[in-house]
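S.K.: Below is a structure I'd like to ask you about.
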Amino acid sequence: MQAKIIYALSAISALIPLGSSLLAPIEDPIVSNKYLISYIDEDDWSDRILQNQSVMNSGYIVNMGDDLECFIQNASTQLNDVLEDSNEHSNSEKTALLTKTLNQGVKTIFDKLNERCIFYQAGFWIYEYCPGIEFVQFHGRVNTKTGEIVNRDESLVYRLGKPKANVEEREFELLYDDVGYYISEIIGSGDICDVTGAERMVEIQYVCGGSNSGPSTIQWVRETKICVYEAQVTIPELCNLELLAKNEDQKNASPILCRMPAKSKIGSNSIDLITKYEPIFLGSGIYFLRPFNTDERDKLMVTDNAMSNWDEITETYYQKFGNAINKMLSLRLVSLPNGHILQPGDSCVWLAEVVDMKDRFQTTLSLNILNSQRAEIFFNKTFTFNEDNGNFLSYKIGDHGESTELGQITHSNKADINTAEIRSDEYLINTDNELFLRISKEIAEVKELLNEIVSPHEMEVIFENMRNQPNNDFELALMNKLKSSLNDDNKVEQINNARMDDDESTSHTTRDIGEAGSQTTGNTESEVTNVAAGVFIEHDEL
């Protein structure tokens, strides 16, 4: 998977180049096997497994108890390939299936995107796609609640592509990559590129994704060559088409085929769980369970035996769930009750039952996402849901939305928890793939270095120059906050120096580097960390 690297401009770019992958999937720190479980009836089990010698040679049958049998492939074989080879499908049938999928997919695209513009904000730029009209890139701000553009800079608007006026002339293709099938549309007739002299163009990749009832969204936009772009648009309704429904986790999972036992012989177990929910692997032995019935709530499933004792929650639990929640947010799996996809800038209180592989309740997780782009994780078996509003107790869309209270959480703050003597630990995570923590750490390092080599007067000159010609909004905000923390420390240092030597001249506006180094030892590492933690970066600036 390709990850795009971005570099955020710092106070002195030569000293601290900051980098972070944009929406890069979080790798599972503990390698866990992933499985895709499918269920067939008695007749299919006999025909496709028991009486198919090539299949039987590729794996073995395991009795799972409760009249449940499953066929598991050997590590060196692929069950899907064997089953596909055993099915006699003609080339004409396969071609017909591909053609049908493409036609139905294109119809879905027109039905769901007709006369509706969608946008995607990536730092300085906003990308807006109005199907049948244009795909543009511009600088401005978006009211995430109303979808209205605010303060659009008309001098920074670039048309990346314009679809053909005649719908019949628009060209769609059904393509395949490492993840699965998607529908591709090439849109040309964009603005002339200053570098190449050619028209800008964009390929739009329509894929299955998002919440079952959520809106269509732009997942990412990237420039693959100069003035040539790719954009991925997720449309939940495309998941109703079999070829488009398979996601990356399913492709990488080891398939298991099980015989469906009679319902009367089984209770609540993994069959009920998997047939009611779509499992999406988040890493660290944790799955996001998305219900097929939209009236049901999302759940989190734990398959890691290391997280089986919920009466003694250790730091490992928080680390693994922190990684899993980060990936859940980056994949945009959570939808608000109004259909809005939860994204950076929103705040909410979100609850989810944590269950094991047999759908047995373990505890309840509370995810509290704050306006600061930080989030708190709480575990408590006594948390209660508001039955009318799914997983949410409250939510707020962006900075412009009004907070919508959906209910009250049991023991929702530390004071209540401590008074009631109920265990409900918290763990701080970051919703932007550790970018905030990395920036805070490197700001501390730069602040400490600048205190050693630059006088307060020289620091003021540097900041004044940056204020006059800042490279972007992020740098301006970063500079102002760093300046504030540096000034506070410099004032303390000046007072200490005055007390140590009343006779020392205060008329000098510069210091020798060697002298500065000897005078800054009063800043301990803990002090630097505390100052860095106070540096706050709003989402809009990122």
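We number each residue from 1, going along the chain as drawn.
Placed from the backbone N, Cα and C atoms, the Cβ positions cover glycine too.
Dumping what Swiss-Prot says about this protein:
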BINDING   Trp125, Gln137, Asp194, Arg200, Glu223, Tyr229  mannooligosaccharide derivative binding site
COMPBIAS  505-514  compositional bias 'Basic and acidic residues'
COMPBIAS  517-528  compositional bias 'Polar residues'
DOMAIN    115-241  domain 'MRH'
SIGNAL    1-21  signal peptide
S.K.: Quick one: among the binding-site residues Asp194, Glu223, which has the most Cβ atoms sitting within 10 Å of its own Cβ?
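M.R.: Of Asp194, Glu223, the one with the most crowded Cβ is Glu223.
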S.K.: With a 10 Å radius around each C-beta, find which of these binding-site residues (Trp125, Tyr229) has the fewest other C-beta atoms nearby.
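M.R.: Result for the binding-site residues Trp125, Tyr229: minimum number of other Cβ atoms within 10 Å at Trp125.
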S.K.: Ten-angstrom check, please: count other Cβ atoms within 10 Å of the Cβ of Arg200 (mannooligosaccharide derivative binding site), all chains counted.
M.R.: 24
S.K.: Which whole-number mean pLDDT does the model give the domain 'MRH' (115-241)?
M.R.: 83
S.K.: When you measure from the Cβ of Gln137 (mannooligosaccharide derivative binding site), how many other Cβ atoms are you left with inside 10 Å?
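M.R.: So the number of other Cβ atoms within 10 Å of Gln137 (mannooligosaccharide derivative binding site) is 22.
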S.K.: Over all pairs in Trp125, Gln137, Asp194, Arg200, Glu223, Tyr229, the listed mannooligosaccharide derivative binding residues, work out the largest Cα-Cα distance in Å.
M.R.: 18
S.K.: Under the DSSP assignment, what numbers of helix, strand and coil residues are found in the domain 'MRH' (115-241)?
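M.R.: For the domain 'MRH' (115-241), the helix, strand and coil counts are 8 helix, 70 strand, 49 coil.
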